[in-house]
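Written out below as structure tokens is the structure these notes cover.
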């Protein structure tokens, strides 16, 4: 029975586009979220699996696992749901889907398939992104359980994105197998030994898989290959991978140690956390000695085998079939399967079959021991023969035919001197260019074979010289979180200053990135240390507010500040423009804080006093001065002068300090007589009159 694929989901919100990916459980389409106007990726479960409770549980688990995580190196999940569709028979069927972040780029698997082994610097940057994602998910209590190149996306901007948490499990549920039948709990080439044995997994299982990914990036191939999933799983449990430097001539041996520690058979010998793994890589790439330098993979393997033998020798109490589910690796599908518990007759039959399998396994083990003993004896004989062969000088070469490669590769020795020293030892130099190095151009970075190795006289020694730090543009990480910005910058090949600086910002939220130094877009050598600036959550009162119009300021800073508007007159600022602010310009306030602005109403206005005709001039002048106006006489101003008229007229609104013109005339003086005697006398007379 088949079901036609819908063209839209969630009531038309998600308009489905072309198919961009297909897996064993689901298809992925590019889609348009019409509500938010953004491009998304929609993973739709295959209709034939939607009615399988096991697969449905896995699908829902992915949505739940990732929805609670928010990390720049993990593909975000935006939404999930189930769409009801009609099958060809007309029956209604559910079609579960997950709406995810759309990442435009390539999977790491495709990149390796096309380009082969990656450069050391690219390996470093990809691993930093993967380990950032794992560090975050582990701290959230989630184990991925299927880390592999196919689940790692590299965006067009170089950002690493880990995806497909479909078999992820919470740490407290990590002992459970994923399904009751045909449930994949990891991909064979990246499977940890404990997963291969069906044991409880923890976050170190993810780190083992990450170590396998690092190995494949360095060499272009997985650490173990075979004709079947069983053969590969067996190697993960019991064999040590070929060192990367043996597969890639010239690759520094320190990568052997880092990969070996990450891929330790005994999880107790692995990196304890993703952060510890990441620190070791950064330490080495920055010229230090990583913790992995002291790791011995052969000791790890022998100790692991001894511990497992001891565990098998411990007395055990048989467990009834209904008490513990049987876990088995299916050699046909390459998958681990959980066989459902049985009861009654079924339980007896199951127990009988289990006893038969145990007897067969015991016989097989005895056979392996015998074969192993024979092989060991043969190897011992060959080793002895080889030693005798060498001691008898069967190669017919004297010690004079071999030379020890001198230590010539260091920052202080020039290319010409290195060549001369090698030639003086009877060796030739083959010059190679190291484009991954951040050392100055011409600096010797490595040799192959290494210094101290014995080689035939006349052999060529490969010597790599730095091509100089390659320049690239600083990515724009403005308005991103510190963690996301750091990941993007490191993925672009830069170092990031551990000390983060803060600065005020009017519009960028607290703790989000405001800028970098060097600035975004600037072309600088890879390996340059970038300093990140983040918002303090405070902002500065703008310095250019005074003199601007009220409307333009309110529009320009809308959402950034809360304004209170007051009015006042001003002799110097035009009406409608801002005269002053509080707090003062340059003051630091919280984002969205209050600023009071005063807006000019223009010069102060006063009313011309009610000066009537006949008022003496002196009185009129005093009345004008009392309200801040000046008097300008148009006529006599003596003590007898009287007002004829004023301009502007009484009651007029004029600018404070302006002049009022008073038209005056001389007043009349009245006659009078009087008599007096000596110094005394009396008299009367008329006053002034019109």
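Every residue, even glycine, has its Cβ placed from backbone N, Cα and C.
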(request) Write down the single range among 429-453, 454-478, 479-503, 504-528 that appears in Swiss-Prot as region 'Disordered'. (result) 429-453
(message) With a cut-off of 8 Å between Cβ atoms, can you find at least three pairs linking the domain 'PASTA 1' (399-467) to the domain 'Protein kinase' (14-285)? Only pairs 6 or more residues apart in sequence count.
(response) yes
(request) Give the three-state DSSP assignment (helix, strand or coil) for residue 146 (active site, proton acceptor). (result) coil
(message) Distance check, please: Cα of residue 22 (ATP binding site) against Cα of residue 146 (active site, proton acceptor), rounded to an integer number of angstrom.
(response) 17
(message) On a simple 10 Å Cβ count over all chains shown, which one of the binding-site residues 20, 26, 28 is most densely packed?
(response) 26
(request) Give the three-state DSSP assignment (helix, strand or coil) for residue 22 (ATP binding site). (result) strand
(request) Run through the Cβ atoms and count how many others sit within 10 Å of the one on residue 146 (active site, proton acceptor). (result) 22
(message) Can you tell me the CA-to-CA distance separating residue 28 (ATP binding site) and residue 146 (active site, proton acceptor), as a whole number of Å?
(response) 18
